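Copied from TrEMBL, the annotated features are:
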- His95: active site, proton donor/acceptor (ACT_SITE)
- Asp269: active site, proton donor/acceptor (ACT_SITE)
- Arg15, Lys74: substrate binding site (BINDING)
- Ser133, Asp197, Arg202, Ser219, Val238, Leu239, Val266, Ala267, Ile268, Asp269, Val298, Ala299, Asn300, Met301: NAD(+) binding site (BINDING)
- 4-136: domain 'Alanine dehydrogenase/pyridine nucleotide transhydrogenase N-terminal' (DOMAIN)
Amino acid sequence: MRIGIPREIKNNENRVAITPAGVVHLIEAGHEVYIETEAGMGSGFTDQHYREAGAILVPSAEEAWATDMVMKVKEPLPEEYHYFYEGLILFTYLHLAPEPELTKALTDHKVVAIAYETVQLEDGSLPLLTPMSEVAGRMATQIGAQFLEKINGGKGILLGGVPGVKRGKVTVIGGGIVGTNAAKIAVGLGADVTILDLNPKRLRQLDDIFGHSINTLISNPLNIAEAVAESDLVIGAVLIPGAKAPRLVTEEMVMAMQEGSVIVDVAIDQGGIFETTDHITTHDDPTYLKHGVVHYAVANMPGAVPRTSTIALTNVTVPYAIQIASLGYKEACSRNKALLKGINTLDGYVTYKAVADTHGLVYKEAEALIKQHI
Ligand SMILES: NC(=O)C1=CN([C@@H]2O[C@H](COP(=O)(O)OP(=O)(O)OC[C@H]3O[C@@H](n4cnc5c(N)ncnc54)[C@H](O)[C@@H]3O)[C@@H](O)[C@H]2O)C=CC1
Ligand SMILES: CC(=O)C(=O)O
C-alpha cells in the first residue's frame, strides 16, 4: 500500500505521524511511504533521516495526500478537506464530536476515517490516546504552575509552597490517564492535590497508587463546586470516549475562584468541561482571562514537546498502521475489534455512535457496512 505522511499545519504542531524507525517497519512489511519534505523537522527528523530509512520524499502536501492511506497526527484543517476522496483511509486523531464541519467533509467524501482516540481494547483502554494523554497530563501541571506566576498573569503562588507558607491547591477532574499524570507531577511539586472521578473503582486505584499524598472525591456537582472554589489550579481531564465532553464546571463555579487562579482544560479537544472554556486556544496565544481566572485551552498540547510526543505516539500507531496496510482496512478491522472501534466514518455514514448522536446524524455499524463489501 502507498502510505502518505503530510506535514502537520495546525498552529505550532511540530509532531509528525511517523519516525524514520516507523518507515523502516512499514517498508519491511512491503509498503511504500511518501513523506512531505520537512514534515519531521519539528521533531528533529531530517529529510535525510527519512531517505536513509527508505521513504520517498515528496515536495507537496498534495502528493502525500494522493496515496491509499494518509497517516497524520491532528485532524485535517478546512484547507486540507479538498484532498479527501472516496475510499481514502485516514488514520489520525479526529475528535469529531466538537467538529461538525469535518464530520460532514469526511462523510460527503466517503473517507474511511479511523480515529486514534477511539481505538479501544476490550478492557476499555484507549491504546492510541494513552501516550499523548500521559504527555498532556504531565504538561498540564507544569503549564498551570507557570501561569500561576505573577509575571504570566497568575496570582503569584508557588505550588509547593515553602516552609512557613501554605502549599498551592490543585484539583484534577477526571482520574484517568491525563488526571493520573497531572497528579503525579503536582504531587512531585509538593502541591495539595485532589482528584475527582465518577468511578469509585478508579478512586480506589488512585488511593492505592498515591496513598495519603492525594485526596480523592467522588465527582458530583457539590464536590466539584467546593473543590474548584478553593483551588489555585483546576485541570479538566474527563473523557467519555468519542462523545462531547460534559460541561461539569459551570460559569458560576469559575466565578467563585480567586482572581489569578488557573484552569487548564485538557479535555478541550472533546469540547472542554468548563462552561467558560468556550473556545480552543493555540500555542501562540494559549490563554485568556475570564472572571479574573487564567484559562488555558490548547487542543494539541503534546505538539509543544514534539520529540517526546512523536516517538511516544508512533510507538503505538505503527503496529496498527501495518495491520491496516498489510490486510486492508476491512480484513484488519474484522480481525482486530479494537481497530474496528476506531472507524468513525465509512461509506458516507458516521460509524461511531457518540459522534452520530452529538451531531444528530444517522448511525451505521462499521461492522455491518464492512460485511456488505465482503
Ligand atoms: N488537549 C490536548 O492536547 C490533549 C487532550 N487529551 C484529552 O484529555 C481527555 C482525557 O483523556 P484520558 O485521561 O486519556 O481519558 P481516560 O479515559 O483515561 O480518563 C477519563 C476519566 O474521566 C472520568 N470521568 C468520566 N465522567 C466523569 C465525570 N462526570 N466526573 C469526573 N470524572 C469523570 C472517567 O471515569 C475516567 O477515569 C480526553 O478528552 C483526551 O482526548 C489527551 C491528550 C492531549
Ligand atoms: C490527543 C490529541 O488530540 C493530541 O495529542 O493532540
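From the backbone N, Cα and C atoms, a Cβ is placed for every residue, glycine too.
Considering only the recorded positions Ser133, Val238, Asp269, Val298, the residue whose Cα is spatially closest to the Cα of Lys74 (substrate binding site) is Asp269.
Taking DSSP states H, G and I as helix and E and B as strand, the domain 'Alanine dehydrogenase/pyridine nucleotide transhydrogenase N-terminal' (4-136) has 49 helix, 21 strand, 63 coil. With a cut-off of 6 Å between Cβ and the nearest atom of ligand 2, the recorded positions Val266, Asp269, Val298 reduce to Asp269. For Ser133 (NAD(+) binding site), the nearest of the recorded positions Arg15, His95, Asp269 in terms of C-alpha separation is Asp269. Counting other C-beta atoms within 10 Å of each candidate's C-beta, the binding-site residues Val238, Val266, Ile268, Val298 are led by Val266. By the criterion of other Cβ atoms within 10 Å of the residue's own Cβ, the least surrounded of the recorded positions Arg15, Lys74, His95, Arg202 is Arg202. When Cβ atoms from all protein chains are considered, those within 10 Å of Asn300 (NAD(+) binding site) total 25, not counting its own. Ranked by CA distance from Arg15 (substrate binding site), the recorded positions His95, Val238, Ile268, Val298, Asn300 have Asn300 at the top as the closest. Checking the binding-site residues Arg15, Lys74, Arg202, Val266 against ligand 1, the ones with a C-beta less than 6 Å from an atom of that molecule are Arg202, Val266.
Among the recorded positions His95, Arg202, Val238, Asn300, the ones whose Cα sits within 10 Å of the Cα of Asp269 (active site, proton donor/acceptor) are His95, Asn300. Neighbour counts of Cβ atoms within 10 Å were taken for the recorded positions Ser133, Asp269; the minimum is at Ser133.
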